Amino acid sequence: MGSCCSRATSPDSGRGGANGYGYSHQTKPAQTTPSYNHPQPPPPAEVRYTPSAMNPPVVPPVVAPPKPTPDTILGKPYDDVRSVYSLGKELGRGQFGVTYLCTEIASGKQYACKSISKRKLVSKADKEDIRREIQIMQHLSGQQNIVEFRGAYEDKSNVHVVMELCAGGELFDRIIAKGHYSERAAATICRAVVNVVNICHFMGVMHRDLKPENFLLATKEENAMLKATDFGLSVFIEEGKMYRDIVGSAYYVAPEVLRRNYGKEIDVWSAGVILYILLSGVPPFWAETEKGIFDAILQGEIDFESQPWPSISESAKDLVRKMLTQDPKKRITSAQVLQHPWLRDGEASDKPIDSAVLSRMKQFRAMNKLKKMALKVIASNLNEEEIKGLKQMFTNMDTDNSGTITYEELKAGLAKLGSKLSEAEVKQLMEAADVDGNGSIDYVEFITATMHRHKLERDEHLFKAFQYFDKDNSGFITRDELESALIEHEMGDTSTIKDIISEVDTDNDGRINYEEFCAMMRGGGMQQPMRLK
């Protein structure tokens, strides 16, 4: 087959030694990362005191704005990964760092930890790339065919990304070992690969580097689930933007990438190349050099004459042709691939996918009402860069472009993500996300219910949210301020206030200070998510 890990910009991807948990940053374009302006501390409220020997004046605390740790890449204070996980043997090594087997101390469960050396992240673009990759992994985590993200940690020397351990090895290795797959096996794998593409596109992400090396098998079993693991070249899709930087790996790169004018359709092309290899054991466009490969891709002649193609079904060849159509506007979409007769008629039905958005909505409905209100405040202040993927999801679900999502639109949107919920379960999620109770989910409510928890870890977001409730700048959220907020958001009564105070007020002074508020937002004040059976 030749070397299938060449890059369009470099023959050495720097990723192969990392056991599928790759390092892709050297070929990625610079992305714009939001900068945050930290709010100034509020002026202390004016308080007049009458001096008394018996009652000395009490000065209310002033909540200082957060002070970020200098030179942090993740934008939050240093966090020692070794306080949660013990790092074990090396699994692989790449240009930017090392992947280790790690064990969660509390549970004994094993994961993979990619430790990226900060010394090697020399440029601003390198740091932005790491941030974006983590953001996309967090955004997509929770899907059946996407590796589960467990957490990101940063210390003085490294950024550590902990994720699901896939013990079955690379799909690429199995392809080489077998030479080719049966049509049934190829259809199963193709469905999983295209399902990843479909979910990425629905959630506003373009992968840009689909290839067998970037898929790992969850276990060593023959029918192990396939997991996409490497999102180092992925970007959030910007509506109307055509991308021009050449990225990807030589055999799998789409012709429009070489012409420097492309969109998300490139992922379907790459999946089509994978399907061709699954069926025949060789790539459709082959040459001794990268230039030769690129010339063959631009020429676009697909060989269906050599063995084993005469024995391959016409339906399979039809799907390959449609996925490898030169004109991206005429190329089949990922959703259409999944409906193609070769996949649809030859496959048993999939198990329901508990999608990322669904998982977060389940957690959201279990939160206390102060946390829901605070999330809404944070959501309304997030910038475009932070919510690109969720914005695309909202647009996809809001089919009538009304600016709100109805029950029917929510049900249809979740179905597109692969979830098979009953009407009662969808209604429960609808009621949870519909904070103001008007029967539909507006844009801010949707972002509030579905944004990933990592957004809450930024101190500046928590500080702004605390200031929103602390109207008199006293350094505390009082019962009166809580009551005012609940009335404004139409979210509760006196009993609700009592419940919130008792849950969050850990020092039992009848008020909520900034530390208690942060503890609640970072997890201390959230109940266990309810299970939908």
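Note that Cβ sites are derived from N, Cα and C of the backbone, with glycine treated the same way.
Listed ranges 100-130, 348-378, 410-440, 441-471; the one Swiss-Prot annotates as region 'Autoinhibitory domain' is 348-378. Under the DSSP three-state reduction, D507 (Ca(2+) 4 binding site) is assigned to coil, being neither helix nor strand. The binding-site residues shown are E409, S440, E481, D509, R511; of these, the one with its CA atom nearest the CA of R93 (ATP binding site) is E409.
Sparsest Cβ environment among the binding-site residues D398, D434, E445, D472, E481 (other Cβ atoms counted within 10 Å): D472. Taking only the Cα positions, the spacing between R511 (Ca(2+) 4 binding site) and G97 (ATP binding site) is 46 angstrom. Other residues of the same chain near the Ca(2+) 1 site, with their Cβ within 8 Å of the Cβ centroid of D398, D400, S402, T404, E409, are M397, T399, N401, G403, I405, T406, S440. Every protein chain considered, the tally of other Cβ atoms within 10 Å of the Cβ of D400 (Ca(2+) 1 binding site) stands at 10.
Here the Cβ of T404 (Ca(2+) 1 binding site) has 17 other Cβ atoms within 10 Å, regardless of which shown protein chain they belong to.
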